[in-house]
Amino acid sequence: MNKILIGSAKDQRNAEHEYEFTLLDFERIKNLIYKRAGITLSSSKYNMVYSRLCRRLRINGCNTFKEYLNFLERVNSSEWEGFTNALTTNLTSFFREQHHFPILEQHIKNHKNQNKIHLWCSASSTGEEPYSMAMTMVQVFKTFSPPVHILATDLDTNVLSKAESGIYPLERLEKLPKDKLKKFFLKGKGTNTGTAKVRPELRDLITFRQLNLLDDTWPIRGPFDAIFCRNVMIYFDKKTQYKILKKFVPLLSQDGLLFAGHSESFQHAADLIKLREKTVYELVKK
Ligand SMILES: C[S@@+](CC[C@H](N)C(=O)[O-])C[C@H]1O[C@@H](n2cnc3c(N)ncnc32)[C@H](O)[C@@H]1O
């Protein structure tokens, strides 16, 4: 049955909402998250933003979005973390964009004689990506203690703590081949039934840290043999992408590789990096 719509578009929007949420509130949120995290929100994200932030209003006892945003913008508001965490999209999976891992494997095999391999996963979300990198390294070096260090960073502190715990519901591991599951995970028992934990040896290869790719300075040192920056640049405009890519350049080793997501193309940074194969980039030699 068709719904009969009565009143203004604003009335109709808010009739479905527990909290008043105006276009002005939405614009304000768009500007704040852009400044804070570089994330651009299109107008199609109106309902998504409403549902993601409702919980923050409830937690902070705010009655309207306006009240919440005023509270958020107070100097040094501790709510920034909750606001940012709510607006990031964290979709990921083990060995996502599978074709990258044999490329990483071959690249590291070519550098096996180095003292230590340094890798950076720059939008690590709940950890599936850095753990997939770590599994690949264990396979390359045929040992659980390869000479490898992986830095895994993300802006979102919630996903970082999930990543650090290394505990996943079994459904998240369904697509992993049985041999990898057996080799790299410990099945939970008792209260942990239905979950699996990555082996501590794998976990020990990775350092998890919060890092905002938008920040002017990053407290890290290269050079990295490879940087994974996959499925995060899609949230940034070209200007922000360029600024970040420019900062990757001095952090990559001379023949280091930059792995991007399937729908990310960096033609606008052709002076910095060039496509090597299938969304894998290398530095432009100067
Ligand atoms: C869609 S996930 C991609 C995860 C993983 N790289 C993959 O491809 O499966 C995007 C991640 O980027 C993070 N992110 C968003 N803005 C960021 C920023 N400014 N700095 C660092 N991480 C950011 C989000 O928190 C989220 O975990």
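Glycine is treated like the rest: Cβ placed from N, Cα and C.
Caution: TrEMBL annotation is automatic and unverified by curators.
As the structure is a computational prediction, the values presented were derived from the model and not from experiment.
All protein chains considered, the CB of LEU213 (S-adenosyl-L-methionine binding site) has 23 other CB atoms within 10 Å. What TrEMBL records for ASN90, THR92, ARG96, GLU129, ASP154, ASN212, LEU213, ARG230, ASN231 is S-adenosyl-L-methionine binding site.
Here TrEMBL flags 14-286 as domain 'CheR-type methyltransferase'.
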Site diameter for S-adenosyl-L-methionine, Å, by largest Cα distance between ASN90, THR92, ARG96, GLU129, ASP154, ASN212, LEU213, ARG230, ASN231: 22
Of ASN90, ASP154, ASN231 (the binding-site residues), the residue whose Cβ has the fewest other Cβ atoms within 10 Å: ASN90
